[in-house]
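Per TrEMBL, the feature domain 'Kinesin motor' maps to 5-261. Residues or ranges marked as ATP binding site in TrEMBL: GLY107, GLN108, THR109, GLY110, SER111, GLY112, LYS113, SER114.
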Amino acid sequence: MSSNKVRVAVRVRPFSKRGKAEMDLDTQNVVEMADNQTILHSPASTVDKPQQSSRRSQKTFAFDHCFDSSEPGSARFASQETVFSSLGKDILDNAFEGYNACIFAYGQTGSGKSYTMMGGHDSRGLIPRLCDTLFDRVADRSDPGLTHKVEVSYMEIYNEKVHDLLDPRGGKQSLKVREHNLLGPYVDGLSVLAVSSGQDIERLIVEGNKSRTVAATNMNSESSRSHAVFTVIVTQVSWPSTAGSRRTGDAELSLSAVTLN
Ligand code: ADP
Ligand code: MG
């Protein structure tokens, strides 16, 4: 496991074509990224003319990863694949070692959380890529003594109420959050569905998204009150190599992805 338990990454998305202010021809990008540093220039200076920005007018911040996705096609452009290979692969490595992992996406409405976590058809985000790779790795583990069970749950927190997005009965009743004395907080009655492929998971995500209070692209005040938590639970069971049927040990780990809105 990497020595850092918490890693922080920032991502800059391209200017939005919808945002009127962002389309303005005078709009300048004031964020510059170099390796793991993010440099904010004061709007008076520009990234194009960094020599004009004095030390006083710029601020530098360091993160574990800085993803510059502001200009598609530029040499430093960070694609969905870049984000996945920098963050997703390590998370899976740790998960198979038995560690729980959580990816938490935070940012203003319209800043690109859903795009980064879920993405679109041609630009799949972290969650679908994680799920595919998870099943690839399960398939690669040819050890006959190991079996894997993969289950998912998907919930929405809206106005402080928890809704099950995968409830087979549909409905919108809210669920209670309870505290287990060993396992900590959990959502009582949340559906946990078994899946056997990345496509299974994507199908459930699509179904679950239909139940969300506000569709992901609908940028309005409602959407900022809606948060989604998608959890993948992988249970790894090892059997004795002699033909016994007793379970010798198992490890359960969960991979959650939280996206605010
Ligand atoms: P949020 O979930 O944070 O409210 P979205 O993910 O819906 O924001 O992003 C807002 C808009 O910006 C969407 O149209 C999305 O497709 C676009 N977008 C966000 N990030 C990127 C990116 N890295 N590259 C291209 N388009 C992006
Ligand atoms: Mg969103």
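Placed from the backbone N, Cα and C atoms, the Cβ positions cover glycine too.
Just so you know, TrEMBL annotations are computer predictions that nobody has curated.
Each of the binding-site residues GLN108, THR109, SER111, SER114 was scored by how many other Cβ atoms lie within 10 Å of its Cβ, and the smallest score goes to GLN108. DSSP assigns SER114 (ATP binding site) to a helical segment in the three-state reduction.
For the domain 'Kinesin motor' (5-261), the model's average pLDDT works out to 82. Less than 8 angstroms from the CB of GLY112 (ATP binding site) sit ARG11, ARG13, SER69, each of them six or more residues away in the same chain. The local packing around GLY110 (ATP binding site), expressed as other Cβ atoms within 10 Å of its Cβ over all shown chains, amounts to 18. A simple way to gauge crowding: the CB of GLY107 (ATP binding site) has 15 other CB atoms within 10 angstroms, across all the protein chains here.
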